[in-house]
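K.L.:
Would you mind keeping the following structure in view while I ask a few things?
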Amino acid sequence: RGICSEPKVVGPCTAYFRRFYFDSETGKCTPFIYGGCEGNGNNFETLRACRAICRA
């Protein structure tokens, strides 16, 4: 569950992927745009995956 407390990382690349991260302040999985590189573990392809891992 450590990845769920990691910050959202958009990354320096310029791709446009809609992903989800767990926002530890709100306790919810939230969409964001991921650039495609240099992210972290708090980066999920689907809302369902985010909720399953982080129990949101």
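Cβ coordinates are placed from backbone N, Cα and C, and glycine is handled just like the others.
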K.L.:
Under Swiss-Prot's annotation, the disulfide partner of Cys29 is which of Cys13, Cys37, Cys50?
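P.N.:
It is Cys50, per the disulfide annotation in Swiss-Prot.
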K.L.:
Among Cys4, Cys13, which cysteine does Swiss-Prot link to Cys37 through a disulfide?
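P.N.:
Among Cys4, Cys13, the record in Swiss-Prot lists Cys13 as the disulfide partner of Cys37.
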K.L.:
Which residues, sitting 6 or more apart from Cys37 (disulfide bond) on the same chain, put a CB under 8 Å from its CB?
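P.N.:
Once residues fewer than 6 apart are set aside, Cys37 (disulfide bond) is near Gly11, Pro12, Cys13, Ala15.
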K.L.:
Which of the three DSSP states, helix, strand or coil, fits Cys37 (disulfide bond)?
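P.N.:
The residue in question, Cys37 (disulfide bond), is coil (DSSP, three-state).
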